[in-house]
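Here TrEMBL flags 42-109 as domain 'P-type ATPase N-terminal'. Per TrEMBL, transmembrane segment is recorded for 84-100, 303-325, 356-376. Taken from TrEMBL, the feature ATP binding site covers ASP424, LYS425, THR426, GLU570, PHE617, LYS640, ARG674, THR755, GLY756, ASP757, ARG857, LYS863. The feature Mg(2+) binding site is assigned by TrEMBL to ASP424, THR426. Feature annotation from TrEMBL assigns active site, 4-aspartylphosphate intermediate to ASP424.
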Amino acid sequence: MTRGRIRAKLRRSHLYTFGCLKPSTTEEAPHPLQGPGFSRTVYCNQPLLHDKRPLLYCKNDISTTKYNVITFFPKALFEQFRRVANIYFLLAACLSASPISPFSPLSMIAPLAFVVGLSMAKEALEDSRRFVQDVKVNRRKVNRHKGDGIFGPRSWQNIMVGDVVKVNKDQFFPADLLLLSSSYEDGICYVETMNLDGETNLKVKRSLEATMTLDNDEVFKDFTGTIQCEDPNPNLYTFVGNLDYECQIYPLDPSQILLRDSKLRNTDYIYGVAIFTGHDSKVMQNSTKSPSKRSTIEKKMDYIIYTLFTVLILISVISSIGFIFKTKYQAPKWWYLRPDNIEYQYDPNKVGVAGMSHLITALILYGYLIPISLYVSIEVVKVLQATFINQDIQMYDEETGTPADARTSNLNEELGQVDTILSDKTGTLTCNQMDFLKCSIAGTAYGVRSSEIEVAAAKQMASDHEDQESDLSNFPMPKSKARISWDNVRKAEEIELETVVTSKGDEDQKHAIKGFGFEDDRLMNCNWLQEPNADDLLMFFRILAVCHTAIPELNEETGVYTYEAESPDEGAFLVAAREFGFEFCRRTQSSIFIHERFSASRKVVEREYKLLNLLDFTSKRKRMSVIVRDEEGSLFLFCKGADSIIFDRLSKNGKHYLEATTRHLNEYGEAGLRTLALAYRKLDEQEYTAWNNEFQKAKAAVGADRDSMLERVSDMMEKGLILVGATAVEDKLQKGVPQCIDNLAQAGLKIWVLTGDKMETAINIGFACSLLRQGMKQICITTPVSDSVATDVKQGIKDNILNQITNGSQMIKLEKDPHAAFALIIDGKTLTYALEDDMKLLFLGLAVDCASVICCRVSPKQKALLIIGVKFVHDLAR
């Protein structure tokens, strides 16, 4: 049985909110595509129609090279003579060809030709590597419909707009495709977009229901259709178009578009139609031509050349003036120069010509003030450095088999000038591989195992506590930070000791389960039935097992289900539910099936949950919900999301465990764990029916306000929730991160970590990864707590933050120890004020003076502003 059929009869298109699929009502209309920007017409399975005007779309081959055979010589020469030094040497070489030159022209022309020739050869070599990479990409193979329902391999470069292609698992998409169908009957597929946006989480794409049945080669024999859509543009996350298929028009949106250079994952195959090819594809629209890269030193050398050239001209002019004086007044008395047969450059009657000829001679004679040999050495060194980088065995990644690749040697010296490194946390400092570690259910904390960050922070805080106490006494710190007391250190030491003991005694006996690091006998082997709040525990496990968008897959060798989820967190939740006895085993068009175990005898009961609606997770909503009907006919809404979002939607009767859960969430956050809150709501039949009518209307809407309508309708249902508990998963640090950061710090680099975690979590992560080190003095800037929005209150908050920044700057200036290191810790709310125009330069000045900076609870926009600000401050310093 194939992978696709294991999950057969799965059709979630009726459930998803933010996916635009086949019209479920006749009221749904296509997108109004009129005016400029919407002129592209694609004839599906008829690529030859696009070879004629006015269509004549570009081919699918790409080129990222800077030069070609024709443009190389003129463009490369232009690049070389952008350097002021080369222009100077060219002028000197031209002057050396004059009869009054004191040197042979070869002595000036040969070094210049060597420098320019070597640089051009280096450019040609580096560009040839880009060319080879382009050829590899263009010659990749993909199965294309040849006709009569037969597919055969064809190079990417020969794919045309309108071609129907079949992409297999783990292959890249050759062009921007409209998804027609997949190996799943549901018409969904999983896509990895790491090459586009750096995200490792899989994205779900869904075909139109009208094309889901096009799931084998033969059906494309007579397939035709017409796509009317937007013109090529660089917007990765938008798409507007219509598909005219079988006399009906269906609206298209980004959920049906597969972008070039993204990869098909966890799906056997998909069929798609090429819409944008080659340089019309969105990824190529976002790319820029290979820039002419010049290092900072090279740019500074241009200014030095200007200065030296000015000095050279000044010396030559002074020398020429003296020569003119000597020639006019003293040369006639020098009988040995034969005044009756004197050359023009020494003729006292033509002092202007004599002075000019001497000026040229002086410029050539003193020209070695600007040494061309320096440039020869620099070019040779750069080429050798690039070779050493490429051959450095310590920069070879054994896991992926990837060596270092210096794509250009023009910027080698920039590596030694890096001053500040700005990094996020997830996937950079951490592995982005989640393990379910702890949970809080019905106000009770479960899970005794300590996180890696918790242990590392415990070691660091225990060894550094005395220094911290002296630092904190000299600088006002917030209450949250002041809580790092001896009690916390003793607790941390106990955690560390307990972890060491259990790791030696128990871990060898336990089989490691990927995604599950939980240890607590109270919940394992159905022992949770003996707990006082067993009903709440049951609801917690059911929410874990039902509230998701994952697909189960049975490993026939082990008999264990694994899960293909959109995020690693979701996969960890399902593994945890399975280990607790609630195994998600099957999904159909409208149901989720769970194997529930209520005794240690391994006897299971299969329960079916009718999946009525699924409200997707988005970065704006920060939550997801499902509405299900159980076997008893009861309606439930299961919801999981960020604690701040869930807590605001609790009913008065749903806050019974709020205080205890909040306390546990703070503890989990301090341990560096990622947390989510879980809640539910029992629904009334009439209320659900009325809401579902509104929901279906919003889902069937077409236009720019569709998502806002869905969000508004979803928000109406996600209220009055009852809190059940919270989860805590661990995202472990990548191997070698503490040592790497420590080495970078010893080299004098300043390191910033921009994260969305809470301040306590960020501080502990800082200790764990050596961002906060022994003897480092901490400056913590926070916003005073105030719920008022009055102008005078806001001004008071700004004054308070300004005072904290001023005190921090003063603290650094008054520090007498030249080796003292400072760490700045600030949250997103405070950054909002600190990045305002009247305070920005003062804050950034303080930040760049610190060895480490941790910015927590920051938004993507704030991250961008910080990066721009740091670059601005460094440019000012230069």
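The backbone N, Cα and C atoms fix where each Cβ goes, and this holds for glycine too.
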Residues outside the transmembrane segment (84-100) whose C-beta sits under 8 Å from one of its C-beta atoms, at least 6 past its ends, are 107-109, 111-112, 115-116, 301-302, 305-306, 309, 345, 357, 360-361, 363-364, 367, 370, 372, 375
For ASP424 (ATP binding site), the number of other Cβ atoms found within 10 Å of its own Cβ: 17
Tally the residues of the domain 'P-type ATPase N-terminal' (42-109) by DSSP class, grouping H, G and I as helix, E and B as strand, and everything else as coil. 32 helix, 3 strand, 33 coil
I'm checking region-level scores; what's the whole-number mean pLDDT for the domain 'P-type ATPase N-terminal' (42-109)? 84
One finds that other Cβ atoms within 10 Å of the Cβ of GLY756 (ATP binding site) number exactly 19
I'd like the Cβ neighbour count for ARG857 (ATP binding site), meaning other Cβ atoms within 10 Å of its Cβ, all protein chains included. 18
Under 8 Å Cβ to Cβ from THR426 (ATP binding site), same chain, six or more residues apart: give me those in sequence order, or none if nothing qualifies. ASN432, ASP731, THR755
List every residue in the same chain as PHE617 (ATP binding site), at least 6 positions away in sequence, whose Cβ is under 8 Å from its Cβ. ARG623, MET624, GLY641
Cβ atoms near ARG674 (ATP binding site) (within 10 Å, other residues, all chains): 21
